[in-house]
Every structure is written in structure tokens, then in C-alpha cells.
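The structure appears right after this line, and notes come after that.
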Amino acid sequence: MAEALRIGIAGLGTVGASVARVLRDKSAELTRQCGREIVVTAVSARDRSRDRGVDLGGAKWFDDPIELAEKADIDVFVELIGGDEGAARSCVSAALDAGRHVVTANKALLAKHGVALAEVAEKKGVLLNYEAAVAGGIPVIKTMREAMAGNSVNRVFGILNGTCNYILTRMEAEGLTFEACLKDAQRLGYAEADPTFDIEGNDTAHKLAILTSLAFGTRIASDDIYLEGISNITQADIRAAGELGYRIKLLGVAQRTESGIEQRVHPTMVPTASVIAQVHGVTNAVAIETDILGELLLSGPGAGGNATASAVVGDIADIAKSRPGFQHGPVFGRPAKELRPYKKAQMRSHAGGYFIRLTVHDRTGVFAAIAKRMADNDISLESIVQHANGSDGATQKTVILVTHETTEAAVRKAVDGVTKDGHLTDKPQVIRIERAG
Ligand code: HSE
């Protein structure tokens, strides 16, 4: 049997501890599959004394993850610290420079420095595997990087944040508040250390940036993503969406357009009957549309210790199965030096249908004024619904418009116009509608 593969794990939080447990519990099966043992020989974390439910006594402890990356007797460095700079970036760079394979779940790091790190890995002839960085346990990286060669992608979109999907699902199903659902997501270990990264869409954006690069062969452009989170979504939006045959999901979408590539993260209305609308709770889903394959939809657990550990262990096993002299594939599906510059499509030119919810004074002429603003901007309406707010004597009404396909620029101009008319009693809500099968 080949020599054991020696693993060093930096970061022993929810995911790190789960990885250590899976490697221990599945040791015999992994040895059979890989033809060699996988042994954790070194670890590093902030708190040495914490009980993580797994005995790491056989592994050498390093207080400094960079020292582990550079000096430990390991073949693979597993980075589970998180963050796009600081210790995570330094130790991944150090491990690659030292010619060690790296496995990471760090989407923020890859979204910012992925191409530079890929260049080092490819120069050194080592693997940089990151399946767990996007959509938790779903093998979307392997699918896009390896199984879709020759396909031209037109659009990739999905539910990429388990925390947000969990919150939206429970708000709809149980009528709970946003805050109560977020608390539960944190308790269950789905949320990031700073949950604003989840709810404001940054985490989805990091994952989308990686998928965009794989889909279109472009350099990663995480700063060029239009970003809106879910913290403004109310029960009123969720109910109105349901009445109109839609469900609200936080989607990341990357799409090829005539003017460039559109990357956007925002709450989105998807038809209730669509497959992606059936993706509930912490589950993630990624839809990929290509010229050869057509539409592929992958769905599965998107967050939490076990789901993420499954992807990390899969990446480690791939390295265990590789043999010296084996030519390792490029990190982003094509050599990092060949990734094309990213050409950004302007968000104002985004075309699609829109849901607009307006809270207005209940007085004569308001409805007509809204309709005029829409017509002035060439916006054709699919439906208009008006609700009285509260009791009979209420002085406010809710007007909900659904538009046919139009542009972001036209909708913004029309809604600005309605706001200037002085009929609104609250901030307008605009939610994009996404075509989904
Ligand atoms: N906070 C992330 C989520 C974890 O909720 O999806 C997985 O990246």
C-alpha cells in the first residue's frame, strides 16, 4: 500500500471539527477507496482546550497556522480559518509556496485572490481544491470544472446561501420574523462568523464570483457584482409574491449578455411552480444552462458542518488517489494565465420582469399617476393589485405592480418619478423576477 497521506488542518470550528470526525469515522472506507491511509498529523486553532468531540491527541499542535503550513510534516494543508486576508491568506500562500497541496472552503479568499493563488499552485504542480467553497456539499466545482468541458455556458444561477434560504423559507412557512429565523440559523451553525455576510449577500457574491470564472473562463471579478441582501424583505412582500404565483429567493445570477457578463445577487421572484422555488431551508441549488447540455440543476445541503466536511473530504480523497507524476488539472478549469479579462455588463441594462410594491396615500389620482409614470417609461404592466391596509378607515393602500420585460433603468426612473410625485408613505420595494424552469 502507498504511504499514508498526511493532513494538516488549520481552523477547528464547526467545519474543521466535522472534517476531523469524518476522517476518523470513515478511515477504513477512505483507505479502501484511496489505496492509502489519510492521517491528520498536524492541527492549528486558536483555542487548544476546547472540546471538539474528536480526539486530536495524535496530531502535532501548532499555535501558528503559517508555521504549520510551512514546517509540519504534511502533504496536504487544509485551510478552514476563513476570511479573505490575514492568517488564511498567509497560510494558504505559504503552503502553496512550500509545494504542498491545499484544500480550502474559503470562498472569500478565492473570490479575492483565487487567480493569483491558482497561478502559484499551477506553477508548483500542486492541487488547490475548493469544492466546499461553493454551495456546501453540492459537487458543483467538479461538475463545472471537469464534467462540462466544451460546453458554452449562457447563464448560471442559484441559491448559494443556506442561511438566507433557511430564513426566507421559515418566514414564509411559519410567518416568523426575520430576526427569529436568523438566530436559529446561527444556532444550527449555518451562518458566517459575521452573519451580515449572509444576509447582505456578500457570501453569495463570493460564491457567484467563483462560478462566473468557471462558467465563462474569465478572471474572478468579485468587486463587479450588483449586490442586494434580504434584510429589506418583509412579510408583505412574501405574501404578495405568493398571491401572484411567485416565491422570493436570494439568487446569485451570472449571465452572458450582448454587452458583457452580468453578475448580480438580489432577492428574486421565481415562479412558485419552478423547480428552484421548491428548494427549501438550508438546501442550495445551482442551475447551469449550456449549449450542449441544456439545463442542469444540482441541489443539496448548502451549509453546516457535515455538508461542508463532505466536500472537504472529497477534495482530500482526490489528492490521496492522485499519484506522483500525474498532471494536475488547472484550478479554474483552464490555466489561470489563460483566464480572459472580465467584461462587465451594466446593471441598468438588465432586462426582465419586475415586482414593485408601493405603499401610497389613499386619495384620488394616485393610481393614475403611477400608471402614467410606468407608461412614460415604456413599461408594460402584466398586473396591478391594490390592497387596503388595515381597517376600513385606513388612509394608506398597497399597490402591487408586475411588469412585462423591461429594463432596470426604466424601472428605476419610473419608481423615482412615483416617489417625487409625493404619493408614497413608505419606501418603494422593487424585486426582480427571474426566468426559471
Ligand atoms: N454561511 C454560509 C451559508 C455557509 O449560510 O450558506 C456556507 O458557505
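The backbone N, Cα and C atoms fix where each Cβ goes, glycine too.
Features reported for this protein in TrEMBL:
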ACT_SITE  Lys207  active site, proton donor
BINDING   Ala10, Gly11, Leu12, Gly13, Thr14, Val15, Gly16, Ala17  NADP(+) binding site
BINDING   Lys107  NADPH binding site
BINDING   Glu192  L-homoserine binding site
DOMAIN    355-437  domain 'ACT'
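Annotated features, which come from TrEMBL, shown on the structure.
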residue	record	DSSP (3 states)
Ala10	NADP(+) binding site	strand
Val15	NADP(+) binding site	helix
Lys107	NADPH binding site	helix
Glu192	L-homoserine binding site	coil
Lys207	active site, proton donor	helix
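Taking the C-alpha positions, the distance from Gly13 (NADP(+) binding site) to Glu192 (L-homoserine binding site) comes to 11 Å.
Checked against ligand 1, the recorded positions Ala10, Gly11, Gly16, Glu192, Lys207 give Glu192 as the ones with a Cβ under 6 Å from it, listed in sequence order. Residue environment of Lys107 (NADPH binding site) contains 29 other Cβ atoms, counted within 10 Å of its Cβ in all protein chains. Summary of the NADP(+) site environment: with the site residues Ala10, Gly11, Leu12, Gly13, Thr14, Val15, Gly16, Ala17 set aside, the chain residues having Cβ atoms within 8 Å of the Cβ mean position are Ile9, Ser18, Val19, Ala45, Leu80, Ile81. Taking the Cα of Lys207 (active site, proton donor) as the reference point, the closest of the binding-site residues Leu12, Thr14, Lys107, Glu192 is Lys107. Long-range neighbours of Gly16 (NADP(+) binding site) (same chain, six or more residues apart, CB within less than 8 Å of its CB): Ile9, Ala10, Ala45, Arg52, Val78, Leu80. When DSSP labels each residue, the domain 'ACT' (355-437) comes out as 24 helix, 31 strand, 28 coil, counted as helix, strand and coil in that order.
Leu12 (NADP(+) binding site) sits 14 Å from Glu192 (L-homoserine binding site), taking the Cα positions as reference. Of all the binding-site residues given, namely Gly11, Gly13, the one with the smallest number of surrounding CB atoms inside 10 A is Gly13. Cα distances from the residue listed as 'NADPH binding site' to the binding-site residues Gly11, Thr14, Val15, Ala17, Glu192 are smallest for Glu192.
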